[in-house]
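Remarks on the structure that follows.
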Amino acid sequence: MPIITLQYEDLESLTKADKDTIIDRVPMIGADIERIEKEAIDIEFFPDRPDLYSVEGVARAMRGFMNIETGLCQYEVTPSGVHIELDEKIKEVRPVLGCAIVKGINFTSSSIKSLMDLQEDLHWGLGRNRKKVSIGVHDMTNIEPPFKYQAVSPDFEFVPLDFTEPMTMDEVLEKHPKGVRFANILEGMEKYPLITDSEGKVLSFPPIINGTLTRVEESTTDLFIDVTGLGDAVYTALSIVVSALAERGGKIESVKVVYPDGTEKVTPDMTPRTLNVPRSDIDSLIGIKLTDDEIINELKRMRFDASVLEDGDMFEISVPTYRADILHNFDIVEDIAIGYGFDKIKSEFPKSATIGCAHPISVTRGVMREIMVSLGYSEVMPFTLTSQKVHFEWMNREETDDVTFVLHPISEDQTMVRTTILPNLIEIFSLNQHHELPQRLFEVGEVVVNSKNRLHLAAASIHAQANFTEIREVLDAVMRERDIEYEVVVSEDPAFIEGRRADILVNGEKVGMMGELYPEVIINFGLGQPIVGFEIDLTE
């Protein structure tokens, strides 16, 4: 989780409260104080609150929580008259772009550091180390709009930030510290993204490094901000950055993004979205009945706007664009509880006393872990959310109708709940190619089939001599330890080599499968060694 260093002078100025009061109250909004020093305080926030990754965001939240300034923050956005054109080929490289101009900023060394820290924390929290989102911040003094976002040849030359001589883009990836660190994002691409001005001067080589021409100094007053990436998180990151700058007196101006087909998108869009939350959700989740005025007051303290709809049973809530964590009504209810104060919600003793014991599924899970570890396998715990590409396309399988999909996915990597575990294990192999072979992994975890949770055990092994006999011996050991009689029956599955795949039957019913992965599947995951694996259902 990100640890934010907040300078007291900055914090007191932006919050309009003294440091002792802030230190006393800041844990109540979901922060852990890591360190208190003479000039600054280090605070750790949960990753789901990227709007609190800066002193400006913390100050905004604290002003509301302490009743200094409540309700929705209104950030005025005026048209700049500036536009940026997208090249046709950029959609194959890094297709999503959001831009803004912020003018009239009075920078100090500490405010520049705060902005750069926010930028890097967003790269981590929202951007998956710049893969999904990367942010460029530019001094506008030496550049002339309109701008262009294009895909160019890797031999294009420019002077990157912190260097004095021109380098090709390939050289940047090989020699510049940022290039070396993030080169994997552009691996395999024939063209690289580039942002230039009307005179061809380079602003940015996203997601790697800015050009040296637009370095931000204390004398900088006007900024051009570009955010590139792969999805809607781009626009959230842009909102967080420009709202932080507006907290320091910056004036936000919009930029028109012009796509190759002539369509246009004006960014940033700071228009709040609306959620309707039933009173029944609030009452049942918090456990106490608050009045309408109390609910609205707590929402305003948490920097929302709210009103009661005519039927009296529904609250209409305006959510600011920088709140990336508000995905469901439950998130709103949580903020109401935070605003009200968990210390005010009294706990109750249970009406009856019982003696607990481990659930049979938990016992099975523990036993299977012990068995697999004793067989030389390492346990992993990947996400249960995955994508159709990994789960079906890369496994050479047709999409089935027993899948549970995510209604509004925020990432193309997490669009469905897995129905099997093996694709996750193979994906981990692809991420661990820098480790020596053999690698043997297992997971005892949940899958969802036909909207029902099932507990599965999956194991996989990768090395040059991996074969059906090896994985059969592992399965034999597992079943022997559990005193389960089973049989295997040859079956077909496009993910496995024909004749080297079998169903696992217990009492005549299929409980799993095993086999050698088909070479094309192995290649789909970017691997080059044989893989064998099995997966069984432990639910019954």
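Counting starts with 1 at the first residue shown.
Heads up, the Cβ atoms here are built off N, Cα and C, so glycines get one too.
Swiss-Prot annotations:
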| type | residues | note |
| --- | --- | --- |
| DOMAIN | 270-347 | domain 'B5' |
| BINDING | ASP325, ASP331, GLU334, ASP335 | Mg(2+) binding site |
The domain 'B5' (270-347) - residue tally per DSSP class, helix then strand then coil: 33 helix, 16 strand, 29 coil
ASP325, ASP331, GLU334, ASP335 excluded, remaining Cβ within 8 Å of their centroid (Mg(2+)): ARG323, ILE326, PHE330, ILE332, VAL333, ILE338
For ASP331 (Mg(2+) binding site), nearby residues of its own chain (Cβ under 8 Å, 6 or more apart in sequence): ASP325
Protein Cβ atoms within 10 Å of ASP325 (Mg(2+) binding site), excluding its own: 18
Fewest Cβ neighbours within 10 Å, where candidates are the binding-site residues GLU334, ASP335: GLU334
